[in-house]
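Trainee: Sharing a structure here in structure tokens format.
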Amino acid sequence: MAKLYYDNDADLGRLAGKTVAIIGYGSQGHAHALNLKDSGVQVVVGLHEGSKSKAKAEAAGLQVLSVGEATKAADVVMVLVPDTTQAQLYSDEIAPNLKPNATLMFAHGFNIRYGQIVPPAGVDVSLIAPKSPGHRVREVFEHGGGVPGLVAVYQDASGEALQNALAYGKGIGCARAGVLETTFAEETETDLFGEQAILCGGVSALVKAGFETLVEAGYQPEVAYFECMHELKLIVDLFYQGGLSYMRYSVSDTAEWGDYIAGPRVVTSETKAAMKLLLEEIQNGAFAEDWIEENHTGRARFNKYRSTDVGHQIEQVGRELRSMMPFVNPKEINPGS
């Protein structure tokens, strides 16, 4: 049975008199820094020279230092820059300045799990991973709540790494909702699998295939977009609120019957076998090795995949239709960003 911790299991006093360095001030970074600050914790933000986030952090009343200076000043260092830049940043700025008995923290275990960061033996290494985007972590906290999170300990030099990590989890509000104990390996492997097989890879491929099937059969692209992309949110919201059963309760009997008889024909035993292969590649490090190499060699395939999908018909049709629906809060991105 999973072990869950709540506010009464965590002691925020463990962070009293200590300085927490938040390295990075993006989606998660700003939420962690501001929530900790509001919880009475001494926070500094570590950013690279010329960072556009410096003005935002200072406007929020936070002290901004270089990554090296922030690390040197801190008892707890939370690394919240992208996975792809962590290893180099750790080597150049964090490792040389890390206090001998500091706590090194992450919100995702990729670089620890795959050996891109190897911490010194004398420091605690732990993880607090909110299960929500940063803006939501902040928003819910400001309304007196919290989002669920994961906690893990990779290295317990002090003998108190778990308790200290839970204090951090309480400081950002996760312990209000519940913090589930896991491991760096489990968090990393399941997170990557979810992204690849379901949340990003699986859903994107399914939506495109459905759209293409309808358009190739002669149906209007606009109607195909509504059926295969736009209405997906309506169903996912039902999943989010009450799982599969609530979704089926909420849709028509015709839709529910179609769910039962058609779903297994689309997601077949071959699909599940492919999922198992993806998981094996995550577990044995093949995916990580490929992704690390892709970043070291200029991201040629990554950029090609990105530019190809930007030109997909479903994207063109979607932009036009979303412009007619201001209530969905339409977003546009620069394809090169």
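Heads up, the Cβ atoms here are built off N, Cα and C, so glycines get one too.
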Trainee: Starting from the NADP(+) binding annotation in Swiss-Prot that includes Tyr25, Gly26, Ser27, Gln28, Ser51, Ser53, Asp83, Thr84, Thr85, Gln86, which of Gly134, Gly144, Gly145, Gly146 is the extra site residue?
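Mentor: Of Gly134, Gly144, Gly145, Gly146, Gly134 joins Tyr25, Gly26, Ser27, Gln28, Ser51, Ser53, Asp83, Thr84, Thr85, Gln86 in the NADP(+) site that Swiss-Prot records.
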Trainee: Within 10 Å of Asp83 (NADP(+) binding site), Cα to Cα, which of the binding-site residues Asp191, Glu227, Glu231, Ser252 are there?
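Mentor: So the list reads none.
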Trainee: Averaged across the domain 'KARI N-terminal Rossmann' (2-182), what pLDDT does the model get? Just tell me the whole number, please.
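Mentor: Residues in the domain 'KARI N-terminal Rossmann' (2-182) carry a mean pLDDT of 98 in this prediction.
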Trainee: Quick one: Cα separation, Ser27 (NADP(+) binding site) versus His108 (active site), in Å?
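Mentor: The separation of the Cα atoms works out to 14 Å.
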Trainee: Report, as a single number, how many Cβ atoms besides its own are within 10 Å of the Cβ of Thr85 (NADP(+) binding site).
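Mentor: For Thr85 (NADP(+) binding site), the 10 Å Cβ neighbour count is 14.
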